[in-house]
């Protein structure tokens, strides 16, 4: 764990707060790769992952930007309302679930709204390497585009394309993805935006191995489709009943079984747990289709069981 201090807070766009974090003792911070995130331990015991958006070569600071979500479960609201300059925060070391491919002839970076944060770090790395890339930044309005002035003044401004709903340059994912070649696509943003972009890429013949994405929020699950099941913990010998209205993670916590949690939506993989027997009902946005098909792990923060019982490696 890292002990950091908030050195700066800045409103990057309406509803988007930028944070600059430094080591409390002034020492260099652990290095990170483009696409990485920190798990912030926030007031009230909340832990939430936020993407690093500064240049990965920087070791004197970490920069984040957090959108105040009207449907916040506490994380973004705590950041906006409770954090102050000079305050200390505990965080994880940087972790990367959305890495750049080491060698690619061309990269297409698609960001929707606050999805610009990991994409911003990627653009800085690609520019520093001299790689061929395009950054397409989609927002409802230019005034809502965090970092746009910085991007348009950057050394790679010619690679940046802003698509605002109220602007002159409409976003046409089909046209942009038509001639894929051997390019790699990186997309981050709201779920609907991401599914549209990925759907256009698949229709255009892109191979799944060249599609990279990171979700910031889980898809909404249909109401009333959850059912109760039994969870058996192989190592501790406990048998727990998981009611329809509660998650496995909540039931484990009630029983005093601690597992690591961060997003609590199935998007970060922090709580990934081995399944020894039974069939999970995967509701996460973290595992690949191939990983889901093996049914040997699941995310207890949101996923459930298709079988009457799951045996977990806990």
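Note: Cβ is positioned from N, Cα and C throughout, glycine not excepted.
What Swiss-Prot says about this one:
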DOMAIN    1-101  domain 'FAD-binding FR-type'
BINDING   105-217  NAD(+) binding site
DOMAIN    229-314  domain '2Fe-2S ferredoxin-type'
BINDING   263, 268, 271, 302  [2Fe-2S] cluster binding site
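Listed in chain order, the residues near the [2Fe-2S] cluster site other than 263, 268, 271, 302 are 261, 262, 264, 265, 266, 267, 269, 270, 284, 286, 299, 301, each with its Cβ within 8 Å of the site Cβ centroid.
Cα-Cα distance from residue 263 ([2Fe-2S] cluster binding site) to residue 105 (NAD(+) binding site): 33 Å (rounded to the nearest whole number). Applying an 8 A CB threshold to same-chain residues 6+ apart, the list for residue 268 ([2Fe-2S] cluster binding site) reads 37, 39, 49, 97, 262, 286. Residue 150 (NAD(+) binding site) counts 11 other C-beta atoms within 10 Å of its own C-beta, drawing on all protein chains shown. Secondary structure counts, DSSP: the domain '2Fe-2S ferredoxin-type' (229-314) has 13 helix, 24 strand, 49 coil. DSSP assigns residue 120 (NAD(+) binding site) to a helix. Look at the domain 'FAD-binding FR-type' (1-101): DSSP puts its residues at 8 helix, 43 strand, 50 coil. Of the listed binding-site residues, namely 120, 180, 271, the sparsest CB environment within 10 A is found at 180. Looking at residue 271 ([2Fe-2S] cluster binding site) and residue 195 (NAD(+) binding site), their Cα atoms lie 24 Å from each other. In the three-state DSSP classification, residue 150 (NAD(+) binding site) falls within a helix.
A simple way to gauge crowding: the CB of residue 263 ([2Fe-2S] cluster binding site) has 27 other CB atoms within 10 angstroms, across all the protein chains here. Reported as a whole number, the C-alpha separation between residue 180 (NAD(+) binding site) and residue 302 ([2Fe-2S] cluster binding site) equals 35 Å. Under DSSP, residue 195 (NAD(+) binding site) is assigned to a helix (H, G or I) in the three-state scheme. In this structure, residue 180 (NAD(+) binding site) belongs to neither helix nor strand by DSSP; it is coil.
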